[in-house]
Amino acid sequence: MNALVNLLDLDADALTAYCGELGEKPFRARQLQRWIHHYGASRFDAMSDLAKSLREKLATRAEIRAPAAITDHLSADGTRKWLLDVGQGNAVETVYIPEETRGTLCVSSQAGCAVNCRFCSTGKQGFSRNLSTGEIIGQLWMAEFAMREQLGRGPKDDRVISNVVMMGMGEPLLNYDAVVPAMRLMLDDNAYGLSRRRVTLSTSGVVPMMDRLSKDLPVALAVSLHASNDALRDVLVPLNKKYPLAELMAACRRYLEFAPRDFITFEYCMLDGVNDGVEHARELLKLVADVPCKFNLIPFNPFPESGLKRSNNDQIRRFAQVLMDAGIVTTIRKTRGDDIDAACGQLAGEVKDRTRLVERGKFGKITPLVPVAASGQPREVRPA
C-alpha cells in the first residue's frame with residue numbers, strides 16, 4: 001500500500017500538479033489549499049465545496065498532518081511555546097510571541113543543528129535531520145489555529161500570526177529545499193498571505209545559499225553575526241571558518257540588491273567579557289561600514305554547558321551607544337518567555353543526535369580562545 005501524501009508538504013505548484021495526477025483541474029488545488037491554510041481543515045469530508053468524488057479520492061490517498069504537540073506552555077507575558085513531535089525520537093520547539101501591533105511565530109527548520117554555535121542550547125544536542133516542508137509549514141498551521149481558538153477568533157477574523165521568523169532550531173539555509181516551499185506558502189495569498197517584509201530568515205552565514213535565496217525568494221534577512229573579527233567568530237560560530245567575515249559581508253551586499261528591505265539585520269548575542277567590549281563595537285563599525293544594516297543585541301540566556309555569562313545591562317547599553325552614535329539603528333531584544341525556556345537561544349527540543357556531539361564530549365570541557373580586545377592577542381578563557 002502506498003504511503004499517504006501529506007498535503008502540507010505541497011506548495012501551490014506542487015498541489016496543482018498533484019491534483020492533475022488525480023485528474024482534477026487547477027482550480028481544485030486552489031480550493032483545497034484554501035481549506036487547508038485559510039480554514040485549518042484537517043478532514044476532507046469537511047471541505048463542502050469540493051466534489052464528492054475528489055473528497056473520496058483524497059480520503060484514500062492523502063492526509064493533512066502537522067507535527068503533534070507534546071507539551072504546550074503559556075508564559076506570564078503571553079508567549080506560548082509548543083514542543084512538537086516530528087518522529088524518530090525527535091521533537092522541535094515553536095514559539096508564538098505576542099506584541100502590541102503584531103504576533104510573531106518563531107519556526108524551527110531542523111531537528112537539532114550542526115552549526116554548533118558556542119552560545120546556543122540547540123547546538124548542544126547535536127543534529128538529527130532536516131524537517132520536511134510539511135513539518136515546517138505545519139508549525140505555522142498548528143500555531144495559527146491554536147491561537148485562534150485561544151483568542152476566540154473565527155475564520156473570517158484577522159490572522160493572529162502576522163510575522164514569521166525562521167529563527168527556531170536549526171540553520172534554515174542548510175535545509176533549503178524544504179524551507180523555500182514552506183516560505184512560498186507563507187507568502188501565498190491563497191494560504192497565509194504574509195508579505196516578504198514580514199517573513200525573516202535568520203542564517204549563521206551559509207554564503208552560497210544566501211546568494212541562491214536572493215534569486216529564488218528574497219525575504220527579509222537576519223544574519224547571526226555575534227563577533228567583530230574572524231578570530232572570535234571562528235570560536236563562537238564555527239561556520240565562520242568556511243565562510244569568513246569578508247565573504248559574509250560581500251554576500252550581504254549582494255543580497256540587498258534583491259531584498260524586500262533596504263537593510264540587513266545583524267543579530268549579536270552579548271557575552272560577558274567575550275564580545276561585548278566597546279572595542280568590539282568600534283570594530284563592528286568598520287566591518288559593516290558599507291552594509292546598510294541594523295543591529296539586534298540579544299542578552300545571552302545562559303545554559304550549563306556553555307560556560308558563558310550574560311553581559312550586564314550597563315555594558316549592553318554602552319555597546320549599543322557606540323553603534324547608535326555612528327548612526328546605526330540598534331535595538332536590545334526584550335527577553336520574552338524565559339519562564340518557559342522560550343527565549344532566544346533556549347530552544348532545545350529533543351534530538352536523536354546522529355552526530356554524537358554530546359557523547360563525544362563536545363560541550364562542557366571546551367576552552368575557546370577569545371581576544372582580550374578586538375585588536376589584541378587571543379587568550380584562553382575557561383568555562384565558568
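Quick reminder: no glycine exception, Cβ is built from N, Cα and C everywhere.
The model shown is predicted, which means the values in this text are computed figures rather than measured ones.
These come from Swiss-Prot:
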- E93: active site, proton acceptor (ACT_SITE)
- C344: active site, S-methylcysteine intermediate (ACT_SITE)
- C113, C117, C120: [4Fe-4S] cluster binding site (BINDING)
- G170, E171, S202, S224, L225, H226, N301: S-adenosyl-L-methionine binding site (BINDING)
- C106-C344: disulfide bond (DISULFID)
- 99-339: domain 'Radical SAM core' (DOMAIN)
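Positions of the features from Swiss-Prot, shown on the structure.
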{"residue": "E93", "record": "active site, proton acceptor", "Cβ neighbours (10 Å)": "25"}
{"residue": "C106", "record": "disulfide bond", "Cβ neighbours (10 Å)": "27"}
{"residue": "C113", "record": "[4Fe-4S] cluster binding site", "Cβ neighbours (10 Å)": "27"}
{"residue": "C117", "record": "[4Fe-4S] cluster binding site", "Cβ neighbours (10 Å)": "24"}
{"residue": "G170", "record": "S-adenosyl-L-methionine binding site", "Cβ neighbours (10 Å)": "30"}
{"residue": "E171", "record": "S-adenosyl-L-methionine binding site", "Cβ neighbours (10 Å)": "27"}
{"residue": "S202", "record": "S-adenosyl-L-methionine binding site", "Cβ neighbours (10 Å)": "21"}
{"residue": "L225", "record": "S-adenosyl-L-methionine binding site", "Cβ neighbours (10 Å)": "29"}
{"residue": "H226", "record": "S-adenosyl-L-methionine binding site", "Cβ neighbours (10 Å)": "25"}
{"residue": "N301", "record": "S-adenosyl-L-methionine binding site", "Cβ neighbours (10 Å)": "20"}
Could you give the Cα-Cα distance between H226 (S-adenosyl-L-methionine binding site) and C117 ([4Fe-4S] cluster binding site), in whole Å?
10
Taking E93 (active site, proton acceptor) as the reference, which of C106, C113, C120, E171, S224, N301 (the recorded positions) have a CA within 10 A of its CA?
C106
Taking Cα atoms as reference points, which of the recorded positions C106, C113, C117, C120 is nearest to L225 (S-adenosyl-L-methionine binding site)?
C117
Under 8 Å Cβ-Cβ from S224 (S-adenosyl-L-methionine binding site), six or more apart in the same chain: what's there?
C117, S202, T203, S204, G205, V237, E267
Across all chains shown, how many C-beta atoms besides its own are within 10 angstroms of the C-beta of C120 ([4Fe-4S] cluster binding site)?
26
For C106 (disulfide bond), which of the three DSSP-derived states applies: helix, strand, or coil?
strand
Recorded positions near C113 ([4Fe-4S] cluster binding site), in sequence order, restricted to C106, G170, E171, N301 and a 10 Å Cα cut-off:
G170, E171
How big is the gap, in Å, between the Cα of G170 (S-adenosyl-L-methionine binding site) and that of C120 ([4Fe-4S] cluster binding site), rounded to a whole number?
10
Check the Cα-Cα distances from C106 (disulfide bond) to the binding-site residues C120, E171, N301 and tell me which is shortest.
E171
Record lists G170, E171, S202, S224, L225, H226, N301 as binding S-adenosyl-L-methionine; longest Cα-Cα distance in Å?
19
Round to the nearest Å and give the CA-to-CA distance linking E171 (S-adenosyl-L-methionine binding site) with C120 ([4Fe-4S] cluster binding site).
12
May I ask for the distance between N301 (S-adenosyl-L-methionine binding site) and C120 ([4Fe-4S] cluster binding site), taken between their Cα atoms and rounded to an integer number of Å?
9
